[in-house]
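Engineer: Following this message is one structure expressed as structure tokens.
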Amino acid sequence: MSHTSSQPAPATFAPSGPLTGTVRVPGDKSISHRSLMLSALAVGESRVTGLLEGEDVMSTAAAMRAMGAVIIPPDGGGLSPDAGIGGGHAGQGGAGPDRLWTIHGVGVGGLLQPQTALDMGNSGTSTRLLMGLVASHAITATFIGDASLSKRPMGRVIDPLSLMGATFSPAPGGRLPLTMSGIVPAVPLSYRLPVASAQVKSAILLAGLNTPGITEVIEPVPTRDHSERMLRGFGADLSVEVEADGTRIIRLMGEAELKPQTIDVPGDPSSAAFPVVAALITPGSEVRVTNVGMNPTRAGIFNVLVAMGADLTFENEREVGGEPVADIVARHSVLTGIDVPPEVAPSMIDEYPIFFVAAAMAQGVTHAHGLDELRVKESDRLAIMAGGLARLGVHLDEREDAISITGSGGEPLAGGNGEVMIHAELDHRIAMSFAIAGLNTRGGLTIDDMSPVATSFPTFQAMLRDLAG
Ligand code: S3P
């Protein structure tokens, strides 16, 4: 399942003129994971279109199959719970909005003991959310992952799930490989999130589905609310109270019964950010990205870019699958440096790498604060972005949880004949961010390995080729 099993795929990115055209980005990764998990827990047949057929979501599909769900890809694949889905590059050829996935769930409380370790590949979301599901089932599961995932902290979910009664044997430092045993009945919990993390929130709520009584998550800083929206959509009894200071209190009544749904997954704003920023910083460009999820808990990047002077228009605003959606038109713009405060971070947490590229091309200085979480993503994104941009001649100041970037004022960045080599560190968003930067260097840069891009955006390079026309 993991791209580490494939050969590294180096690629050079160099200026290629204006980017023009219309693109549709793959389905939202967060919503795709949740649609498979909740469908796998509903009694009956759910139908999902627009699913992101990237490696991370396929890790979730394989794990849910290993625990008893029947997940049938658009091109068949048999009804057996462990039907294969095409190995390490599943879905790269067939992504598309009309592809129908069919899921037969086992019912809340019905997950089966997996017979082998659950391979999470590169996916932190799969790992943390599935740990929540296992926590309130009487099963023991072992989670393994690639080198990047095996460095990421799991203590943030181990702590609350332990309070609910689950037991854990992680590798040192609370990391993968990790074996855990769930418990029935689990103990309902009221938990105040110590980190702004939708993954931690979702893990607790998913554990709460099969826990008698009310499971409560107190969220001082709002994070993406796809779990809440979708749990409600599947018929769970879930309420959200917002206090005067913005704190959200989410209450879920267990033991829940989920009803099968038909879900259309909107395009991923985190993926849309790449063609949008590419158009903004590449002279002469105009790009339309259709069907982009505009959930306010995810749209921070677009608001910040507009505040920097970006020529973005949001058209055809509508609702898809219980989520706001729009088409975004991005035109080359003169961007001006900005101060991005910490409270914005959760709504653009995955977009900072490409945002730093936009800042590197702006006029003046951009400051961004509250970035400690960037250090524990698929890589230490603050360090890797700062290091790579510095090698492209960008003046910046990296601090523990902040960065200041002095933009080039629209001048191309350094780099030349592809001889600047960027190491993507198994991080899809680092690879894609430097690919876009490469289009705005003097002579190009080389990325050591583009294969991680298959985790979230398998069609990324094809999209760039189309836009460069
Ligand atoms: C995600 C939440 C975010 C994000 C990740 C996906 C989710 O992580 O970075 O890519 O689907 O819940 P945190 O909640 O840990 O910040």
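Just so it is clear, glycine is given a Cβ too, placed from its N, Cα and C backbone atoms.
Keep in mind the model is a prediction, meaning the values are calculated, not measured.
TrEMBL feature annotations, pasted as is:
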- Asp350: active site, proton acceptor (ACT_SITE)
- Lys29, Ser30, Arg34, Ser197, Gln199, Asp350, Lys377: 3-phosphoshikimate binding site (BINDING)
- Lys29, Gly124, Arg152, Gln199, Arg381, Arg429: phosphoenolpyruvate binding site (BINDING)
- 15-72: domain 'Enolpyruvate transferase' (DOMAIN)
- 109-462: domain 'Enolpyruvate transferase' (DOMAIN)
- 1-27: region 'Disordered' (REGION)
Engineer: Tally the residues of the domain 'Enolpyruvate transferase' (15-72) by DSSP class, grouping H, G and I as helix, E and B as strand, and everything else as coil.
Structural biologist: 25 helix, 16 strand, 17 coil
Engineer: Quick one: which of these recorded positions, Gly124, Asp350, Arg381, Arg429, have their CA within 10 A of Gln199 (3-phosphoshikimate binding site)?
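Structural biologist: Near Gln199 (3-phosphoshikimate binding site) by Cα: Gly124.
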Engineer: Using DSSP and collapsing to three states, where does Ser197 (3-phosphoshikimate binding site) fall: helix, strand or coil?
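Structural biologist: Looking at the DSSP assignment, Ser197 (3-phosphoshikimate binding site) belongs to neither helix nor strand, so coil.
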Engineer: Within 10 Å of the Cβ of Lys29 (3-phosphoshikimate binding site), how many other Cβ atoms are there?
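Structural biologist: I count 25 other Cβ atoms within 10 Å of it.
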Engineer: Given the binding-site residues Lys29, Ser30, Arg34, Ser197, Lys377, which one's Cα is the least distant from that of Arg429 (phosphoenolpyruvate binding site)?
Structural biologist: Lys377
Engineer: Which one of the binding-site residues (Ser30, Ser197, Gln199) has its C-beta surrounded by the most other C-beta atoms within 10 angstroms?
Structural biologist: Ser30
Engineer: Enter the number of other CB atoms within 10 angstroms of the CB of Lys377 (3-phosphoshikimate binding site).
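Structural biologist: The Cβ of Lys377 (3-phosphoshikimate binding site) has 20 Cβ neighbours within 10 Å.
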Engineer: Say you check the Cα of Arg34 (3-phosphoshikimate binding site) against those of the binding-site residues Gly124, Arg152, Arg381; which is nearest?
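Structural biologist: Minimum Cα distance from Arg34 (3-phosphoshikimate binding site) across Gly124, Arg152, Arg381 lands on Gly124.
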